[in-house]
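Here's the structure we're looking at; comments come further down.
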């Protein structure tokens, strides 16, 4: 393990923690990361790193070239945006914006990449070639990666490979990764059933009842994974919202009911099956109950597929920081979605998880009580540094 590197990085921890707390206290939603971008620009400029702002609207790219000759270039990416959630933690740097908080650790991701940028700017003789520090907006379902790609990210900043990192709820300082499908395609679906409605007591027999229809639909929905998807494949279909009727008029059978949920998959063929079957079930059941269905299926993100060679290189860098025993090289895929997947379609690369839980802790992302663990900062910074020095060497 490169204990010397971790020790060196920990000398920056107080400064980086202060920056992280500042970002945490001032969270910004997708494509509104104006203050966060300005902070990043100020720090990169202070450290002598070339800065390009406004990439994909609020994205920032810092570019640093080593003093040694080299032709290779890699990109390192961190996300910046927050979530629409009201923070319920008791930390002194709690969100100052009601209804908005950093509940996914993007404040930590940003700071870890900033820490690596600072160290490498101070040690340009430790690598050759060029590294691009990519601070991406709008990761949380708003396709900030697509915005940067459409803004010619890879044409303006050529790179041979791109790497990403995300915190996860495992032991502090442990890394996890796998080659191939690693995170799921994330979709949303909405089904609206229309009937006649009617009097729930005196006229129920004359009405077409959308509430009974939706009950049958919800049961049938779960047969998609169990009977239409190969048992060796992975898929999830969940219901997240049902809207209909009024508790002020419970004797009235509603004429309309709306249902919404999420679908996750690791293969495009499975994704296609889910979309097709949701529509078939909704239309078929609606017709059998004398009702009508409207179906909307929204494809948000694609499955994240790590490239084999770059995954090997990511593993090598992580092992150099924490040792082989602390790197899970074949973690089971996560059914969470990740915008970084779009970058991996454009360039070879890999995405890795970093554990942030101290012993006995449980930190669940997207929770109103979540807070990134500052003790994890040195591990992420050291990983980025080691990856650059490993990939941009003159051997």
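Please read every residue number as a count from 1 along the shown chain.
Cβ coordinates come from backbone N, Cα and C, glycine included.
Here TrEMBL flags 104, 106, 140, 166, 366 as Mn(2+) binding site. All protein chains considered, the CB of residue 366 (Mn(2+) binding site) has 12 other CB atoms within 10 Å.
Among the features that TrEMBL reports, domain 'Peptidase M20 dimerisation' is placed at 190-287.
In the structure shown, the C-beta of 104 has more C-beta neighbours within 10 angstroms than that of any other entry among the binding-site residues 104, 140. In this structure, the binding-site residues under consideration are 106, 166, and the one with the smallest number of other Cβ atoms within 10 Å of its Cβ is 166. The DSSP breakdown of the domain 'Peptidase M20 dimerisation' (190-287), given as helix, strand and coil counts, is 41 helix, 28 strand, 29 coil.
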